[in-house]
Each structure stands twice: as structure tokens, then as C-alpha cells.
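Colleague: Let me give you the structure first, and then I'll get to my questions.
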């Protein structure tokens, strides 16, 4: 109300000008930190527990290094290439984000400064590289990874981030809907990870045939951090503390829970064995699928997306993968192609179908431009709904094209200087050869004792590359035929 004096703690000042929202800034910093915790320690713990014991240190360290390297590159040149002044319709001009005169200015969206936006967007860029690492665990030369991270951030991530999220990007101007990174992060990481895995080459044959987690409980702890951290991942993208942020958080958890349950039910129906590792896969596909749609779809649509994200990637992983020579050839350690590329594509398409114009208006501030296909049919805006689906599909094609080409060129460039793949001798040893360190001072590689393995069988998810799910027949475990 005019004429009513504000409390002293709410008065504008040098550090909080008229446009500055303390509440929005506080939430944005918290959301960014939640996303950061998904990587450090979330994916560090998940990867470290999900791989064979001899790769626990290497897998965790790839994540830690990527987070640190991305942060440095981001503030020196990466952020401005992704969200700064236009150089090309899909790329920004490189520049530093370090001077307080720039960092204290208002961000391109939201009532908070550039410093907060740089931090928020940085943790998204970092987790994308860490997700790519999941495809090449267990054999990529760490020196090659040290080069890969800054090169891929510069010559791939910035392309898609600018094109889809920057207000100057060509796909942004066309009206693509990617609420929180289904395209920029998950489809990108899934395609790039699969492409990098092709160029790096496979693990040792015995590791592909048997790659048991060394600590499933530790893996679950990392998965839990990933799930809960998604509150900031999707809840922070309205860039304000409003009802849409709350809706995005609720939809995220509803879709994820439904996806996990769907995956477990399918495991029980077809393999008579509920798998903890399978449940984690279903959790991840649910998180990925809802990400491009989180705050622009109704709750009932989030549940439908959960059913589909728990079943379609399950089918591609457990059936299609086993019958595809290409998928069998490429050694994708953590199945990021299925959990991120397939689930991200599915999420982008379903967003085009279910995006509610009213929610899109709340998120984008534009009336009538963003209309899901089904809403277009119902409101006699069929052409607008068709156009939305066309833009969503164009975005998928663009992200796939950019990541296949850029990732391939980066890998080919790196191998001029260092091998992409560790030597056979070093892969036999693992962490000790790569880093001179071991994860645990205990015996074995995390394999089950012989009598335990023969009595209880192996997990369906020992390795998605290992020739297919296993089915018990007459007390023995046999591979299901293709």
C-alpha cells in the first residue's frame, strides 16, 4: 500500500534494488543447491555403488572432476555462450561471468541477479556431463575424459542451451516447450553418451558379461538424492516462488512414483523377480520424462506420463535392446540411451500432446502460443496443436543431430592426443591402475559367493548388455532367447 513504510529489512538498497525479490532469490539459490546435490554427492554415490568394485573410485571421480571442470568453464565462458548475446541463431558469444558489475545486474528472467542465474544454470550443465559419464564407465581413459568435459560443454551443450532456453534461440522463438531440460539435458546426455560409448569402445568381455553393483544400498542412497534433488531441478524453473513451481514439484514426484511402480510391476509379471536396480531405472525414466512438462501439464497427465515412462523404456531396454545389433554393439554401461535418450524423447513428445494452454500462459506469460495437441483438438485450435507437435519433433531432431556430430568430432579430436580407452591391462586392474587408489579394503569384486549365486540367481540388471534378462527354469537360470 502506498504511504505505508516498509520494514527496514525490506527497504531497497545497494545489494537489493527495486526489482530484486528476496524470496525468489532465496528459492533459486536453494533450488540450484538441490540440483548440485544430485551430482555432488548424488551421482557420485550412485555410480560408485552401481559399478563393479574395481571401478568405484574411477566412476565417482569422473563425476567429481566433471562438476569442478564445468563450473570453471561456465563462469569463464560457458554461461554467456549459452545465455548471452547472440553470435549465431544457435550460439552465444563467449564472455566471462565474473565481474560484479555484470553479476549484480538483473538476470534475463526472474527478479534476481545474474550471479544467481549463473549458479543455477551451471549445476544443470554439470549434471549433463556427469550423465554422459554413465555411458562410458569402466573403460574410458581418465585423461581423455579430462579433455572431453570442457570440449563437449563448449561445442555441444552451449548449442542446445542457447537454441532452446535462451530468449534469443531459434527454437525458443519457434515456441518449443522444454520446461526444465528434457531436451537440453536428458536427450542430449543420452545421445551424447551413446555416441561417446561407440567411439570409446566396450569394456572387457568379462565385465560386460558380469558387472554386479558393489554396493546396492549405496547406490540407493545416491538414487534417493537424485530423486529428492529433482525438487529443485523442476521446481526452480519458473524462476519465481509461485503456484507453477509447486505444481511442477508435485507433478515430478507423482510421475516418478508411477514410473517406478510400473517398472517393478513389469519385472514381476515377466521375470517373477522385483529388482531394486530395475526400480531405480524406473525412477530415473520417470524423472526424465516429466522434466520437459513438469509445470505445464495437469496432474492426471503426469500419471499417464509415469505409466508410459515406466513401460516404454522398459520395453526398449529389456526387449528391443536384446534384438538390436547396433544397441548390442555399443557398450552403454549405465543404459543412458534408454533412461535418458528414450525417456527424454518420450517426455518431449508427451509434452506436445498434454501441454495445457492455461499453464503455459502462467509459465511463459504468453497467451495462445503454446497449445498441446489434445487441447488444440478440444478448443478448435487444431493447427496450433499440430504446430506444437511439429516444433517438439524438430527439437528432438536438432538435439540428436548436434550431439551425434559434435560428440563424434570431439572424440576423434581427443584420440589424436590420448587414447579414448584404457589399455586391456589397466582395465583388468581398474581403480588401482587409473588412480593408485581403491574404494574398499576388502576382498573380491563385489561378486556373490558361489553357493549364494547358484541358490538365488543373478539380478536381471547385472548388465543390460549381457545378452538379455534371465528367466528361471527348473531351478536353473538360463538366458532368454532373442
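First residue shown is number 1, and so on along the chain.
Glycine is treated like the rest: Cβ placed from N, Cα and C.
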Colleague: For the transmembrane segment entry in TrEMBL, name the matching range from 245-269, 420-444.
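Modeller: That would be 245-269, per the transmembrane segment entry in TrEMBL.
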Colleague: Over the domain 'Ammonium transporter AmtB-like' (26-440), what is the model's average pLDDT?
Modeller: 95
Colleague: Are there residues at least six beyond either end of the transmembrane segment (118-137) with Cβ under 8 Å to its Cβ atoms? List them, or say none.
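Modeller: Counting only partners 6 or more residues beyond its ends, the transmembrane segment (118-137) has Cβ contacts under 8 Å with 28-29, 31-33, 35-36, 38-39, 43, 47, 51, 55, 58-59, 62-63, 66-67, 69-71, 74-75, 78-79, 82-83, 97, 103, 145, 149, 152-153, 157, 161, 181, 184-186, 188-190, 192-194, 196-197, 200, 233, 236, 332-334, 336-337, 340.
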Colleague: With Cβ-Cβ distances below 8 Å as the criterion, list the same-chain residues six or more beyond the ends of the transmembrane segment (60-79) that contact it, or say none.
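Modeller: Here the qualifying positions are 36, 39-40, 43-45, 47-48, 94-98, 118, 121-122, 125-126, 129-130, 133, 137, 140, 142, 145-146, 149-150, 153-154, 157-158, 435, 439.
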Colleague: Tell me whether the transmembrane segment (333-355) sits in contact with the transmembrane segment (185-204), defined here as at least 3 Cβ pairs under 8 Å among residues 6 or more apart in sequence.
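Modeller: Touching, yes - the transmembrane segment (333-355) and the transmembrane segment (185-204) meet the threshold of 3 or more Cβ pairs under 8 Å.
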Colleague: With pairs closer than 6 in sequence left out, are the transmembrane segment (393-418) and the transmembrane segment (185-204) joined by 3 or more CB pairs under 8 Å?
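Modeller: Contact confirmed: at least 3 Cβ pairs fall under 8 Å.
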